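Encoded as structure tokens, the structure appears first; notes follow it.
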Amino acid sequence: MYVKCGEVDDARHVFDELSYVDIVLWTTMIVGYTQNGNPLDALQLFLDKKFASIVPNSVTMATVLSASAQLRDLSLGRSIHGIAVKLGVADYDVVVNALVDMYAKCQAVSEANSIFGRILNKDVVTWNSMIAGYAENNMGNDALMLFKQMRLQGASPDATSVVNALSASVCLGDLLIGKSFHNYAVKHAFLSNVYVNTALLNLYSKCADLPSARRVFNEMNDRNSVTWCAMIGGYGMQGDSASSIDLFNEMLKDGVHPNDVAFTSILSTCSHTGMVTAGKKYFDSMAQHFNITPSMKHYACMVDVLARAGNLEQALEFIDKMPMQADVSVWGAFLHGCGLHSRLQFGEEAIKRMMVLHPERPDLYVLISNLYTSYGMWEKSLAIRRWMQEKGLVKLPGCSSIGLFPPLAWLRTNLVLKKDLVSGEEVERLLKSVRWYWLFLLAGSAVVLVAPMLAPKARPAAAPSLPAGFDFPVTCIAFIAATLLLQEYFARVLDRRSAAAEPARRRHLAARVRGRRIGDAEWPSGLGFTWAERTIKT
């Protein structure tokens, strides 16, 4: 009862007072921790030596896999996978689905796909786990292809399937595909599901179709805090600050308890509109009225509110009073304000502090270089860029997608300093190539359409095996082949241009993994990768 009501502490108090604990009670407590967002507590209970005599079953292992998926820890998940194999429960449906979900959420999509491919009798949960994994890893095309394959193999998509397909549409930025899934949801009566409606709000908001998003929002009968936050964030994302603040106040009047995401959206709106007083009021109300502990994102938004308005002294004082150590997002917001108001002295103070706190972060040095560039201090900016190149520090490249044909072509901005700062010449050359690509496509289409009309009606009797004019099927095949070859050429060119940044990207990701923290606490020593602490009797 306590677990289903979200009162995990009370449930643990009752659990500790029990004189005898069996597999059902032990698993129920682990499930309670996992479902209520406490994966570390779930894993600690799983590893507790007091319960070493209890042999985990398939439900226990599936729950622990879900806990490791919440932590996004691949090594931990693989260790639990090994235990499941040793216990002989790795082939159970509930464990297989949890494995697919865990590997997908830990960005090991190939391993998730390998397990998925070995499943003979796939149910809708299995399909949904794999589709969601593709969508979470920004593989929208693969997610939609799998949704199509799911229907072709006779499986009936449910509301979760539609939510995952809508998320894939958001990854692709394709509003037309998203609208087709909206029609699918209407046809199969999924619009009564609050998660489907929230996914639709997210789709229309991120695709800049706010009228459609508001229409979906107004037609909803059941709204929760996530739904309100999606609509508020949509207005804020598109720069409609007035509607965002009005909707937030309307949510409070309706008695809906805002979550941390809602405050992130509203504080971001206040920063872009210069509403310092309102921003302070909303930030203070988080802990005072709604019992929400501000996170690093909220502190970064509040610093942005103060810095954008020119209150740099207050922003620096606010950073000094933070209960946690400020990260790059907070100092980045402060530096942005220094650049807006030409306060180099404050900017250099922020630089000194960041150099001590985060000497290994390449994005930090890019911020510093950009600050010097904004003041015309080119020598200092170039010196920092050259130092980055010597140390092998490369900021993860940004990318933009161009929907030519699947797969998408990617433009990557190379942020490595070579002989000068980055210019738009490479992008311009690529766009020129794209224009030639479409000219070739239009010309080929015209040839295919006009060729049959130019061909004579009858072939000469002397040479029946040779065409007298254009042969329509041959022309189509030749045009398609030429188009595919040209597309492959452009793909190879793009791959070569972005290959130089790939090793640096991997080094940066590895550094991030090595320095990873879970929440605000270090990884506990009792949850290492040595599983000898737990004796499993089989």
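Numbers here mean position along the shown chain, with the first residue as 1.
Even glycines carry a Cβ here, placed using N, Cα and C.
Record features, source TrEMBL:
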REPEAT    22-56  repeat 'PPR'
REPEAT    123-157  repeat 'PPR'
REPEAT    224-258  repeat 'PPR'
TRANSMEM  436-455  transmembrane segment
TRANSMEM  467-486  transmembrane segment
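Confidence annotation: the repeat 'PPR' (22-56) carries a mean pLDDT of 88 in the model. Residues of the same chain lying 6 or more positions beyond the ends of the repeat 'PPR' (123-157) and with a Cβ under 8 Å from any Cβ of it are 93, 96-97, 100-101, 103-105, 107, 109, 112-113, 116, 164-165, 167-172, 174, 177, 188, 406-408. When DSSP labels each residue, the repeat 'PPR' (224-258) comes out as 26 helix, 0 strand, 9 coil, counted as helix, strand and coil in that order. In the repeat 'PPR' (22-56), the DSSP tally of helix, strand and coil residues is 25 helix, 0 strand, 10 coil.
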